[in-house]
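These notes are about the structure you will find just below.
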Amino acid sequence: MLNEGIINKIYDSVVEVLGLKNAKYGEMILFSKNIKGIVFSLNKKNVNIIILNNYNELTQGEKCYCTNKIFEVPVGKQLIGRIINSRGETLDLLPEIKINEFSPIEKIAPGVMDRETVNEPLLTGIKSIDSMIPIGKGQRELIIGDRQTGKTTICIDTIINQKNKNIICVYVCIGQKISSLINIINKLKKFNCLEYTIIVASTASDSAAEQYIAPYTGSTISEYFRDKGQDCLIVYDDLTKHAWAYRQISLLLRRPPGREAYPGDVFYLHSRLLERSSKVNKFFVNKKSNILKAGSLTAFPIIETLEGDVTSFIPTNVISITDGQIFLDTNLFNSGIRPSINVGLSVSRVGGAAQYKIIKKLSGDIRIMLAQYRELEAFSKFSSDLDSETKNQLIIGEKITILMKQNIHDVYDIFELILILLIIKHDFFRLIPINQVEYFENKIINYLRKIKFKNQIEIDNKNLENCLNELISFFISNSIL
């Protein structure tokens, strides 16, 4: 009876087993018909196990066995371009992959001495983020907002922008509709993103247990690349549904409910996951894979709010764990400003150190100007008599807002972003009528792409700013408009 147990009770994706005296926390348990489970809690008289397959085939009184193995998932380069479930099994109809390397889903995060400061930028291709809320490799940046405000779109655009940048991307779908997942897969295929992307899918039709382990599976796969000295990006879409799945399992196990019926350790649920994302130094990578090179794992957790309430339990928890947040505003989204980023409430705590110097220099005032514009705009609704200075501020603020707007999946490279920031600083910007700003931007960006400017100069070239200023002056004087 030490390595053998009998099913006593079956709940929804959770079973209570008598026996299994030698079972360890996190151990894989084998049931009949090759059904697998993970030890979730150890009690004096019984063991609770979460089932990873179809639990409907289990019956009371059935036997189960210890495997003396911690639950592991396959890792490796062979997974790139594939769609897998939370157990590491392929879901696409492509040929079966042979992987010899496995890794446990639960791991301890790198220690203080294993880490390095965030000092390299991770470009999203989104103008407002790369200029005002910069993200560095190894950072954890929360994306928070109500449903249908473009949270997933920001992450997909970021994945699209990593093309030819030698960054592996992992997209973890937690509790989403299958139709939404298919839509995301089709977008990634359209932009050839599956060449460097792995999709870990646990949809709404999967059990709470599978949704619960999905982000840990994704994190383990990402850590494989980080520990090889590579840069990796992981998107958790979304951790609200992950917390719901954990709450469901905990309530089935009759654990005492706390605030909003979540169990007491829901903070640790997300902190142990997100702490695994970090920039590690070359000595840590050398210990893992004999490569003297630093690696990084950048995380984009997504949290869905209700009516813009960021003070509820899960949002406040994840805000306190992460290194900053991008707040998406429903009102901005409905007024046609997309991406609907609220610059006043969004912040990047460590990304500033990783930002290119030229962008840091040019974007310093823009954030303040936009925040002041939003305040003045609200104030101007109550006052008809405005002085000329306030009117000018409102006009410039509106023009900057238009310049920061972006079409879905239309990513901007670093040179295009610098050009936009230089246009804002240029005297000619004040002369452009509001209704011509978008037209002017499209024309000058198309011109920059046409002459293939990014192939002509390096980002760290001292003359870059002068070259782009000359290009703007040439563009204006030659009336290419």
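Cβ coordinates are placed from backbone N, Cα and C, and glycine is handled just like the others.
Marked as ATP binding site by Swiss-Prot on the basis of sequence analysis: GLY145, ASP146, ARG147, GLN148, THR149, GLY150, LYS151, THR152. The site 'Required for activity' feature in Swiss-Prot is assigned to SER346.
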Excluding GLY145, ASP146, ARG147, GLN148, THR149, GLY150, LYS151, THR152 themselves, which residues in that chain have a Cβ inside 8 Å of the centre of the Cβ atoms defining the ATP site?
-> GLU304, LEU328, PHE333
Nonlocal residues around GLY145 (ATP binding site), in sequence order (Cβ under 8 Å, 6 or more apart) | LYS151, GLU304, THR305, GLY308, PHE327, LEU328, ASP329, THR330, SER340
Just how many other Cβ atoms lie inside 10 Å of the Cβ on ASP146 (ATP binding site)?
-> 17
Quick one: what's DSSP say for GLY145 (ATP binding site), helix, strand or coil?
-> strand
CA pair GLN148 (ATP binding site) / SER346 (site 'Required for activity'), Å rounded to integer, equals 18
Rounded Cα separation (Å) that holds between ARG147 (ATP binding site) and SER346 (site 'Required for activity') | 17
If you draw a 10 Å sphere on the Cβ of THR149 (ATP binding site), how many other Cβ atoms land inside?
-> 26
Cβ distance under 8 Å to GLY150 (ATP binding site), same chain, sequence separation 6 or more: which residues?
-> LEU328, PHE333, ARG338, PRO339, SER340
Least buried by Cβ count (within 10 Å) of the recorded positions GLN148, THR152, SER346 = GLN148
